[in-house]
Amino acid sequence: MTESREPHVAGSAAPRPEPANGLASGQPSSRARYSRVLLKLGGEMFGGGQVGLDPDVVAQVARQIAEVVRGGVQVAVVIGGGNFFRGAQLQQRGMERTRSDYMGMLGTVMNSLALQDFLEKEGIVTRVQTAITMGQVAEPYLPLRAVRHLEKGRVVIFGAGMGLPYFSTDTTAAQRALEIGAEVVLMAKAVDGVFSADPRQYPEAELITAISHREVIDRGLRVADATAFSLCMDNGMPILVFNLLTNGNIARAVGGEKIGTLVTT
């Protein structure tokens with residue numbers, strides 16, 4: 001029986017030819033330490049410190065991702081929505097938390113579509129899957145289909161968080177990484193890694209190059225929410241926290257170079 005064609009999503013960019021070389025179809029280069037990764041991007045960085053999108057930042061991130069995909073690494077992405085909305089902050093201003101969280105989820109979809117556009121400008125075939133059905137712009141979240149896309153050398157971007165209020169996109173990244181069989185969560189930040197204290201308030205704070213999930217939780221180090229770290233700890237999923245603003249750091253992280261902070265069980 002011939003394989004059925006995947007439906008074209010209305011409103012998305014015209015499909016581009018699939019990569020023809022072996023590396024781009026999912027066979028990692030010898031320089032890559034990891035073959036399948038989940039990249040977590042903070043929404044605030046997409047705004048360049050402002051509300052909305054900074055196209056220059058999104059383009060730079062897309063170029064970094066394209067570099068590792070061309071090397072054969074399978075890349076899935078979860079993006080926050082903090083450049084548009086933060087549910088917890090809106091709640092503090094009097095908005096009902098559930099509704100404000102859903103607004104935040106819509107912000108992550110806007111970021112996902114923007115990244116998809118810039119990745120496809122780089123020639124990288126990309127799919128967006130959302131936890132809330134949005135058939136005009138994205139596929140529904142289906143882990144088996146996501147894995148199939150990755151095996152074909154496509155980037156998969158997961159939007160709308162978990163589709164549930166009270167869950168952060170950090171927790172979404174941990175859950176999606178486990179479900180698609182990623183080897184590591186690459187947590188991209190605007191700082192060099194995990195520090196002994198907030199380096200913006202304490203210039204003498206020291207970078208921690210290696211630490212356990214348990215110690216991060218026990219010391220209350222504010223890198224990601226405790227639920228995400230607990231989920232990774234319980235399932236042996238390593239997290240690499242690194243600075244996205246240093247050009248080429250995604251490739252360095254995938255290649256196993258000693259950058260940032262490696263969090264292991």
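Note that Cβ sites are derived from N, Cα and C of the backbone, with glycine treated the same way.
Copied from Swiss-Prot, the annotated features are:
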type	residues	note
REGION	1-29	region 'Disordered'
BINDING	LYS40, LEU41, GLY42, GLY43, GLY82, ARG86, PHE195, ASP198	ATP binding site
BINDING	GLY81, ASP101, MET162, GLY163, LEU164, PRO165, TYR166, PHE167, SER168, THR169	UMP binding site
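Sequence features annotated in Swiss-Prot and their locations in the structure.
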residue: LYS40; record: ATP binding site; DSSP class: strand
residue: GLY82; record: ATP binding site; DSSP class: coil
residue: LEU164; record: UMP binding site; DSSP class: coil
residue: PHE195; record: ATP binding site; DSSP class: strand
Tell me which residues of the chain lie with their Cβ under 8 angstroms from that of GLY43 (ATP binding site), as long as they are six or more apart in sequence?
ILE79, GLY80, GLY81, GLY82, ASN83, PHE84, GLY107, THR108, ASN111, THR169
In whole Å, how far does the CA atom of MET162 (UMP binding site) lie from that of PHE195 (ATP binding site)?
28
Go through GLY42, GLY81, GLY82, our binding-site residues, and report the one whose Cβ sees the most other Cβ atoms within 10 Å.
GLY81
Nonlocal residues around LYS40 (ATP binding site), in sequence order (Cβ under 8 Å, 6 or more apart):
VAL77, VAL78, ILE79, GLY80, THR169, ASP170, ALA173, VAL185, LEU186, MET187, ALA188, ALA224
What's the CA-CA gap between LEU164 (UMP binding site) and ASP198 (ATP binding site) in angstrom, rounded?
30
Distance from SER168 (UMP binding site) back to PHE195 (ATP binding site), taken between C-alpha atoms, in Å:
22
Which ones in the same chain are close to SER168 (UMP binding site), with CB under 8 Å and 6+ residues apart in sequence?
GLY161, ALA224, ASP225, THR227, ALA228
For the binding-site residues listed here, LEU41, MET162, LEU164, which shows the highest count of neighbouring CB atoms within 10 A?
LEU41
Hey, how far is TYR166 (UMP binding site) from GLY42 (ATP binding site), Cα to Cα, in Å?
17
